[in-house]
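**Student:** I'd like to ask some things about the structure below.
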Amino acid sequence: MRRLLTGCLLSSARPLKSRLPLLMSSSLPSSAGKKPKQATLARFFTSMKNKPTEGTPSPKKSSKHMLEDRMDNVSGEEEYATKKLKQTAVTHTVAAPSSMGSNFSSIPSSAPSSGVADSPQQSQRLVGEVEDALSSNNNDHYSSNIPYSEVCEVFNKIEAISSRLEIIRICSDFFIKIMKQSSKNLIPTTYLFINRLGPDYEAGLELGLGENLLMKTISETCGKSMSQIKLKYKDIGDLGEIAMGARNVQPTMFKPKPLTVGEVFKNLRAIAKTQGKDSQLKKMKLIKRMLTACKGIEAKFLIRSLESKLRIGLAEKTVLISLSKALLLHDENREDSPDKDVPMDVLESAQQKIRDAFCQVPNYEIVINSCLEHGIMNLDKYCTLRPGIPLKPMLAKPTKAINEVLDRFQGETFTSEYKYDGERAQVHLLNDGTMRIYSRNGENMTERYPEINITDFIQDLDTTKNLILDCEAVAWDKDQGKILPFQVLSTRKRKDVELNDVKVKVCLFAFDILCYNDERLINKSLKERREYLTKVTKVVPGEFQYATQITTNNLDELQKFLDESVNHSCEGLMVKMLEGPESHYEPSKRSRNWLKLKKDYLEGVGDSLDLCVLGAYYGRGKRTGTYGGFLLGCYNQDTGEFETCCKIGTGFSDEMLQLLHDRLTPTIIDGPKATFVFDSSAEPDVWFEPTTLFEVLTADLSLSPIYKAGSATFDKGVSLRFPRFLRIREDKGVEDATSSDQIVELYENQSHMQN
């Protein structure tokens, strides 16, 4: 077959009759006395002649397009022939042979056809760049020969059940199974389970695939028209189901080589890292290669992975628990034991070990490899925070009154700091002298602040190898020497920032140090950490300063300090335990050892909420032409769903409404996503991809038959009363939205206070 295909293309510029002798002699190598496989030739031409088409055939197509469309269906044993054909295709441009019928010339192209053939140079470049993307991503540590179909079968089982314990059992059993074959299978498999391509702080891992691109790819790969795909999508709202249905009824010329976990994961990373000219075409080519090889339910979950939403009710913390159980059994060589149960206290200890490790080193590859090398029960010794990897920041619980603060810290030594109205900034100095700045959700935002150089704030560079600081980046007026509102900070560019372009200066207000010269400080008291901070760093007015603080338990002094913080353009106070184990830094935890007291929220629920924009309602009157209101939802961390909690239309300026219209309109989708939990009576005029968070104030919370937040806890959902827009949260991803559990907790605390 390899010779046959090569012969077909090499002779493609000749009339069909003159090519037949060559084709008839180009069968597979045969032993002496064996006749050429003419039946194979007949099937080959018949499949091309009978290829279903739509639209008007182009009078001339590039041979590269014709070839790649046909070769999207070739893999496995035909890989050699594919490469040879691609090398040859770019030197030929052919017209459709009339004797084979017009169907041959109208084989659908994967690239937009203008009726003009690509030049050989353009064709060669596109093919080469696609293969470069694949080869450059060929990392051995992501290799896995586990059939992708096995992962999809697990996803299918999980989708059909709701019991969290059963999901944990299914996941842990599968992790144990693949570790028996090879422990290297675990890393790419885990990333597929949590639907990520690497750690959050690694740049360039956003797939960036819109619905239209995926629809077009499914259309061209599966021989369906765009109108058919869109009609079906409007009906069922699941591109994965559509791709599975279309793929399973489509015949292929060759039996594709089965997909593996390693292949799928590497290709997903290659798609994410594909940028620049023709990037969309190159991404489509990579998707087609996988989609063509999909069987059964594989297409369904491949497309969902490409959408970055599996929608099977598998939360990341469930995967972490499953991993801890599997790794614990792996350590104890109990995978084959008929009784895999382990004592609950041991299992809970293993779960806590892996949670703590991941909060300090949010990188599954490092955490899993450390477990495999040292054992999960030794993670706290070998897998700890390190400069260059952003740990998940400690967070504070909201409170509504100074009396509540005094009650919480009664008999304890505590301290209060200004709560600055800026952007959380975790600053790392690395051994090689480079600096990195990370946001609260782990995004590398070093390039956003070119004017900051941490080495300017170090007391002794000769003795300081590395460190990690916890700070707030605040807009600063250098002329008047004062803090500017957050709205001023938000006007700074977020990408491609040049030093000469900086108009809004920032000052770093440091309030904690977490690591110094490889010494982990999070298990020291806040009082000790403050001593480290002032010893190794120095104040540079207007550039690097310490958070203003006071240590007192006097009610009047605290009230005065709160008023002063507001007068200095701050949000309020952060009140923290100062001494003892309770003052240790707890990565990722929203702890009652840190309380936030915001002046604006003393009469409300005690805190603002960060809610995801799910849809919008058209404006009327003076708001005609923009959106007049928005449907907001919280995030359920257990199910991965967004649960509606209010409609908001207050707090917006005309300028903000126009900005939101321009920002959100490109994200409109045809209907609600399967992860949106809502009541039809609150259905908006348009639905959006979940991309944007609003920070919202509310007077209080109430139960509602219309909204769905926390409905798993109550008979009704929890809704916000009189919500008011504050700002867009640029520093948070949508999965960092206020959770359903947090809304339930706020409602219960409010009810308790009222009673």
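Using the three backbone atoms N, Cα and C, a Cβ is placed for every residue, glycine included.
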**Student:** Which one of Ser58, Ser337 shows up in Swiss-Prot with the note phosphoserine?
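**Tutor:** Of Ser58, Ser337, Swiss-Prot lists Ser58 as: phosphoserine.
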**Student:** Which stretch does Swiss-Prot mark as region 'Interaction with target DNA', out of 199-208, 309-318, 399-408, 639-648?
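**Tutor:** Going through 199-208, 309-318, 399-408, 639-648 one by one, Swiss-Prot flags 309-318 as region 'Interaction with target DNA'.
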**Student:** Look up Ser75, Ser113, Ser490 in Swiss-Prot and give me whichever carries the note phosphoserine.
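**Tutor:** That would be Ser75, per the phosphoserine annotation in Swiss-Prot.
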**Student:** In which DSSP state, out of helix, strand and coil, do we find Lys647 (site 'Interaction with target DNA')?
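**Tutor:** The three-state answer is strand.
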**Student:** Between the recorded sites Arg164, Lys622, Lys647, where is the Cβ count within 10 Å the lowest?
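**Tutor:** Taking Arg164, Lys622, Lys647 as the recorded sites, the minimal 10 Å Cβ count falls on Lys622.
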**Student:** Spatially, and counting Cα to Cα, which of the recorded sites is closest to Glu472 (Mg(2+) 1 binding site)? Options: Arg164, Asn441, Lys622, Lys647.
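**Tutor:** With Cα distances computed to Glu472 (Mg(2+) 1 binding site), the winner among Arg164, Asn441, Lys622, Lys647 is Asn441.
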**Student:** Can you name the residues of this chain that are 6 or more positions from Asn441 (site 'Interaction with target DNA') yet have a C-beta less than 8 Å from its C-beta?
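**Tutor:** Same-chain residues close to Asn441 (site 'Interaction with target DNA') (Cβ under 8 Å, separated by 6 or more) are Asp200, Asp731, Lys732, Gly733, Asp736.
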**Student:** How far is it from Arg164 (site 'Interaction with target DNA') to Lys622 (site 'Interaction with target DNA'), counting Cα to Cα, in Å?
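**Tutor:** It is 49 Å, counting Cα to Cα.
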**Student:** About how far apart, in whole Å, are the alpha carbons (Cα) of Lys622 (site 'Interaction with target DNA') and Lys647 (site 'Interaction with target DNA')?
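**Tutor:** Between the alpha carbons of Lys622 (site 'Interaction with target DNA') and Lys647 (site 'Interaction with target DNA') there are 19 Å.
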**Student:** Could you tally the C-beta atoms, other than its own, that fall within 10 angstroms of the C-beta of Glu472 (Mg(2+) 1 binding site)?
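**Tutor:** I get 22 for this one.
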